[in-house]
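> Just passing along the structure, written as structure tokens.
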Amino acid sequence: MADNLGPILFSALIGYLSAKGNRPRWAAGAMVMAGVSSMLGAMPYFIYGPVASVYYSAGTSYLDDSVSKKHAPTYMTITAFMRGIGPILGFLLSSYCLQKYEEPEYPPDYDHEDPRWIGAWWMGFAILSFFMIFFSVPLLLFPKKMRRPGIRRKSYMVSDIYQNTLRLIMNPIYTLHLCSQVFKWFGIMGYFNYMQKYLQEQFRVSASDASLYGGAVPLLVALLTTSLGGVFVRYVKPRPKTLTFLMFICEVVTVLLFASLLLYSCEPPDYTQGPGEASSRDDMFTRCNANCSCSSDIFHPVCIGSTTYFSPCFAGCRANSSIVSALDPTIDRYENCECAKYHLKEKPFEKPLLAVEGRCNEETPECTRQFMFYIITLTSMYCLAFLLQVAHILLPMRCVDKEDKTFALGVFEGVCCLFAFIPYPFAYSAIIDYSCIFWEQSCNQFGNCWIYDLSRLNKLLHGMPVITCIVNCVCMFGIYLLANDSKLARFYDDEIDDDDEDGDADLYGTGERDVKIAPVILQQICSNDQA
């Protein structure tokens, strides 16, 4: 979270100043600072935050200025793809580094699976800092501007930031798109970060399966669909009105798929001896365990009939004629359980029931089927959410004046950090905590949550992004209505600058402008000769 404070404070200023300077050198300087910050152990995120915003504001606008607009979608697709590959490589690097001990020279007598193991957390920063500084060297060699060398730039002062900011605020397309992305990322990022916990609790899958199907699969799908969308924008070149309409349709379908995730769930474990799901901590305590003085420090569920108990102690199970308070991991069945008598009263002709380790209905075919449908719907939702991501990257650069492009991207990232990336952890953490019905208690302090109200968690975790994405759809519809704006007229075509020194600056540095104006000059010469 701390690395988001930098973009909030400096993104607008960096975007404004870097637009007037040598942007490759700005980016190279940022990479050097990022590499140095990775080597520093103290407060790396506060140092890394401001320089990270340069990649988006100065780097993206420099790339867009350096290529023709018709080729820009291709390069933006490559940029988005590589930006998505980064986290995957980061997870692989962290997995490797954390298997090494914190002090490699003095390895302990236990392996990395032991809870006491402390991995080499610092090793990844050292490796990344080397590559950042290494690749910043060739970036320093790039010129301030790769094309249109004859263009004169207006002189700007820091005091002009107010006028530039006001101009962005008064731009309806830019403002609506900024609002839409704030609400979209607030909902999707919060859901994505807490979804794996939900999969473990709702569908009773392992942490590794939840990470694979809930993390890796959507991320890979997002990369592939982003690439396909970039190819579509590059070669089909839909009109801005058509493109914004397609963006709106994708967001609407995303909301519908998000809402449909509410329909998939497993039958929750019954933690009460009566009908219905447990809704509070008091439902865990019954007459059969009232005198057992059970502790909630360790969650060790056992099943009797169709009821799940927090631990053998909560089931009133006796071993060697004493209440089981110290759990024996070698025992997987418990006899003489006091709470089993209540089940026998309901079905007196059945044999005495045993308490079996694990929750009741831990793995059922129906629950597995629901999990598969959930993952398929989730994958489809990510396909639509990121299909036209390249268009979302291009839109804030096409709807503003050319001189405001870099500044607009800096403001864009800063506002997203302030209103989306920083607050969403608080909102979704509150949702998770509100859905907990049984907390670990030790020394009068709360620890982990052992049992959740799955029905409440399902509604809140999916309801929040549905609401935010609906607001996103409203903003995108407003952009569609305004898509005939003159600023979007040259979405794919380059324009000739009005501030060229001689009015005849080569657009690409290849003589294309000379070829285009040659027939006009020849016609004027012939007309003068005839006169």
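Heads up, the Cβ atoms here are built off N, Cα and C, so glycines get one too.
Sequence annotations record features per position, and here TrEMBL assigns transmembrane segment to 118-142, 173-192, 212-233, 245-264, 371-395, 407-426, 460-483. Under the heading domain 'Kazal-like', TrEMBL lists 282-338.
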> Which one, 118-142, 245-264, 407-426, 460-483, has the most C-beta pairs under 8 Å toward the transmembrane segment (371-395)?
245-264
> May I ask which of the stretches 118-142, 173-192, 407-426, 460-483 has the most CB pairs under 8 A with the transmembrane segment (245-264)?
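Between the stretches 118-142, 173-192, 407-426, 460-483, 460-483 has the largest tally.
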> Is the transmembrane segment (460-483) packed against any residues at least 6 beyond its ends, judged by a Cβ distance under 8 Å, and which are they?
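The answer is 172-173, 176-177, 179-181, 183-184, 186-188, 190-191, 194-195, 198, 240-241, 243-245, 247-248, 251-252, 254-255, 258-259, 261-262, 395, 427-428, 431-432, 434-435.
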> I need to check the long-range neighbours of the transmembrane segment (173-192): which residues 6 or more away from its ends have a CB within less than 8 Å of a CB in the stretch?
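Contacts with the transmembrane segment (173-192): 215, 218, 251, 385, 392, 395-396, 399-400, 408, 411-412, 415-416, 419-421, 423-425, 427-428, 461-462, 464-469, 471-472, 475-476, 478-479, 482-483, 485, 487-488.
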> Take the domain 'Kazal-like' (282-338) and average the pLDDT across it for me.
67
